[in-house]
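Look at TrEMBL and you will find ASN13, GLU390 tagged as Mg(2+) binding site. Under the heading ATP binding site, TrEMBL lists LYS20, HIS214, LEU215, GLY216, ASN217, GLY218, ASP288, MET289, ARG290, GLY336, VAL337, GLY338, GLU339, ASN340. As annotated by TrEMBL, substrate binding site applies to ARG97. Residues annotated as active site, proton donor/acceptor in TrEMBL: ASP154. If you look up TrEMBL, you'll see HIS186, ARG247 marked as site 'Transition state stabilizer'.
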Amino acid sequence: MSGTRGTRVLVLNSGSSSVKYQLLDMGGGGRLALGLVERIGEQSSRLKHTPLATGGEAREWTGPIADHDAALKAVAEELARDGLGLDSPELAAIGHRVVHGGQTFTEPTVIDEAVLAEIERLIPVAPLHNPANLTGIRTARALRPDLPQVAVFDTAFHTTMPESAARYAIDVEIADAHRIRRYGFHGTSHAYVSRATAKLLGKDPSEANVIVLHLGNGASASAVRGGKCVDTSMGLTPLEGLVMGTRSGDMDPAVIFHLMRVGKMSTDEIDTLLNKKSGLIGLCGDNDMREIRRRIDEGDERAQLAFDIYIHRLKKYIGAYCAVLGRVDAIAFTAGVGENAAPVREAAVAGLEQLGLLLDAELNAVRGDEPRLISPANSRVAVAVVPTDEELEIATQTYALVGEESN
Ligand code: ADP
């Protein structure tokens, strides 16, 4: 890193009506501030800012924030109140989460006009996410045109998947003409957690075979061999794979034809059904695992069935990825459900002794923020809980790249 540049990195995760942000000091100062602007474009936009560096109280503000430009300016003002203004020479770079990098972007990339054009070209395969990410990038570039800005792609970690895992078994020419293949998502989390799991085992990532189960509201599994992704459960879009909070995951594609022909539903209606009204919420009316567990404890059968379907799918992926990897060193649970829901972890590995998986009920019940093993010492495959930190991973990758460029 050059002596003239600062050590702070602002991480931005721009959605269509929200911006999540964190300011990190990569020189050892840790997380300085974090926050969220939501309902951008509405009268009741909300900004919540937590100034970690000063140890001050979180500040919340509700009122109209017209667009991303106004949102970022409001964030900049909040940061300036803590002496962390975006005009500070301490700020080294801005790292942006970008959902879809297609086959083009296999690594974090310093943003220029050509990179912006390519992210734009990928909009047809990521119609909901890439436009919002682009808006965030353009806004940040307008605010600090002099500052290096880096795109960190959700898909990048999965670009090492072999063709046998990345291709769908459909006509090759049609697939290629429309760039239809399995890209996978949550890659930043899978990369971070697989590395952290190897470290927990005392191994170099290049020596460890790990199955990562990222179970948040969106959920995905990945098979990581020696630090490289060889398969993942999400596909062309995040709809494929595990049962999620509101997404169906795997399903016979003919269900769609049936809904069109017999159910007389439109493409958009089916899109909404499968992405927003399916999964746990479609099965039982709740997508929050805490609420589902509470209902199960009260004897609610629909909640129990939703839980059972969720676990059944998860088990199938664990088994499949054991087969894909051949030798498995560890299974790591991460994200909101994976890190917090002990009953999900217990049910997911129950009965998998033949695959070498054992769980220690006491260790599984312990809560904590640090990576930890929840399997007994005699488990052939280690079972771990490894909290994810996508923002730290984006900041680390951004800082490493900017450091390289300035040397
Ligand atoms: P995302 O980033 O996909 O929005 P998160 O990784 O933050 O999701 O996970 C959110 C989900 O985590 C919630 O919908 C809820 O189901 C689950 N969750 C959070 N805390 C707990 C908890 N203490 N017990 C069980 N599930 C939890």
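Just so it is clear, glycine is given a Cβ too, placed from its N, Cα and C backbone atoms.
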Reduced DSSP assignment, HIS186 (site 'Transition state stabilizer')
coil
State, in Å as a whole number, the widest CA to CA span among the ATP-binding residues LYS20, HIS214, LEU215, GLY216, ASN217, GLY218, ASP288, MET289, ARG290, GLY336, VAL337, GLY338, GLU339, ASN340 given in the record.
24
When the Cβ positions of the binding-site residues LYS20, LEU215, ASN217, VAL337 are compared with the atoms of ligand 1, which fall under 6 Å?
ASN217, VAL337
Reduced DSSP state (H/G/I helix, E/B strand, rest coil) at ASN217 (ATP binding site) is coil
Nearest to LEU215 (ATP binding site) in three-dimensional space, by Cα, is which of the recorded positions ARG97, ASP154, HIS186, ARG247, GLU390?
HIS186
Taking the Cβ of HIS186 (site 'Transition state stabilizer') as the centre, how many other Cβ atoms fall within a 10 Å radius?
29
DSSP three-state assignment (helix, strand or coil) for GLU390 (Mg(2+) binding site)
helix
Within 10 Å, the Cβ with the most other Cβ atoms among the recorded positions LYS20, ARG97, ARG247, ARG290 is that of ARG247
Using Cα positions only, nearest of the binding-site residues to HIS186 (site 'Transition state stabilizer') (ASN13, LYS20, ASN217, GLU339, GLU390):
GLU390
Whole-number Å distance separating the Cα atoms of ARG97 (substrate binding site) and ASN13 (Mg(2+) binding site) is 5
Alpha-carbon distance [GLU390 (Mg(2+) binding site); the residue listed as 'active site, proton donor/acceptor'] in Å
10
CB contacts under 8 angstroms to ASP288 (ATP binding site), restricted to the same chain and 6+ apart in sequence, sorted by sequence, are GLY245
Return the residues near ASN217 (ATP binding site) by Cβ distance under 8 Å, restricted to its own chain and a separation of at least 6 in sequence.
MET244, GLY245, THR246, ASN287, GLY336
Measure from the CA atom of VAL337 (ATP binding site) to the CA atom of GLU390 (Mg(2+) binding site) and give the result in Å, rounded to a whole number.
16
